[in-house]
């Protein structure tokens, strides 16, 4: 950014001073023209050769853009500038390349999801509707997701919060180091492994039946490290002066933490928790192993199978009928909307309740 | 660092308290202050001890959970491994429901590694490119919203990626694979027989798209920490923007990129649903990456679990244990690199 402005400025006066350097510069609009030209060439080549997939068109265009830019600059401005141009065009190309699938994902989900999504879809369960029939809804899945994620939150947040308090306020020595390390490692546990663990422990050894609660246990395991990590970061932001002022007034340490440290960072902690909720709400694998799904509404997370949004998407997709795939897209749209709203709300909270430092 | 700074005042709280309250009685209420310290101190100690115990206890709980995962998975795995007819590491069979069972993870190891490697090869350069774009190339007005968007994309559930991959990406890749087949078919690795592109290569591409956000985010944070002085010094020497990046940004960010990639790798290794929806699995090692077939640890568990007998589930748990250990090593390695880097760059930050 600042470099973007300084680079031309630094290069600007020099050509005036030494005529040798002022030799031939490409005009600023060159990359855009090259980009346009290569996109056109890519489309033309694709059409001419009858290439079926747009992926190829894009790849041809991107390749042309990078090569043409490099060749042009190398001819006019020399090797060093050409390398610079090459890097710039690669960076831009990688950005565009990455954006395409991501935009396509959002676009397709919205487009195909809206086909079935309506009030009926949101307020009814699948009941006895066969895969190939239209109709049915995701009410049971929404109930399942909310209950499972809610239970997981109830279990994970207290433990996660207290662990973060321990790490920031009390932790020294080997135990704290071990906890820090394993929290980091725990963040990377594949969700299916968490599911297998709960399955071997809760269902195989303790002999419980698959239920929403079993799924919630696995989700809690996935949630804890995220809560710990984000809370820890937030607690570290609380200025020491606040703690010292409170301690100096004779307030015991635990009350200082409860009444001063935590309230100061409550915004950031809320954000972290919401992001963690958003993360586990989309987990399918543990629910697949532990909750098993249920086409009917089951309000009780402690007995019998439940559904959940991600599991519903998977099962409807796996059914393979066009009606069920429509339902899968609609449920995917609801799931994405849920996760995105949580994310945006979390950011809103973070902004609104940003820790007040320096006072 | 933070902890070590403010723990001493905490630990020494009673003493500070004593010296701190001493001036107060002059203006305030001496009688209460005189009586207070003795009983209050014991109360303080109790509350503190309880709270400290609680928070320490939850820290220990986390460690216990980690240990429990290892112990329970091992416990279930050992039983079935003892009666396994085939070699667990080299057998190409998965007949875990049979009696006696005969299963091995060779195919899964191959599929998992191949798909993750393809994902890394595609994702890491592009992610580094995007990170550079956000930190050094994009206009600032574009950079902040872009960082947001990337964050949001990291939150898209994997099942949605899977759905998109199976229904949108797969149909688009057939043409590309035919192209590959035309030019590189002679290698055998990139030959393609046609049909739905539900292959390990497709899985790799999808995984690449999925891990792109996390690799981008971590690398971008590292790139933003590069000391301004280094960059300005390079610019002052007349370096082009690429030379600045090559000489000051990339060397500074190298360990960051490595750890970011390893975090992404950890994610790719354990990804379940996206693989299960896209891949059409078979329990064989297929030389051509473009032809359907193969399998990964997580996908194999997800797709075989519901039909497995108890013994079959134990076998799947055994394979899950292997996956657990692999991701543990990869993530632990990534974190160790990050931690080392923090110490080393502490002065700059």
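In case you wondered, yes, glycine gets a Cβ from its N, Cα and C as well.
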Among A:211-228, A:229-246, indicate the range for which TrEMBL gives the feature transmembrane segment.
A:211-228
Which is it, of A:260-282, A:283-305, that TrEMBL names as transmembrane segment?
A:260-282
Contacting positions for the transmembrane segment (A:260-282) when only residues 6+ beyond its ends and CB under 8 Å are counted:
145, 149, 152-153, 156-157, 160-161, 165, 169, 219, 222-223, 226-227, 229-231, 233-235, 237-238, 242-243, 246, 251, 309-310, 335, 338-339, 342-343, 345-347, 349-350, 352-356
Looking at the stretches A:29-49, A:55-74, A:149-168, which one shares the most CB pairs under 8 Å with the transmembrane segment (A:211-228)?
A:149-168
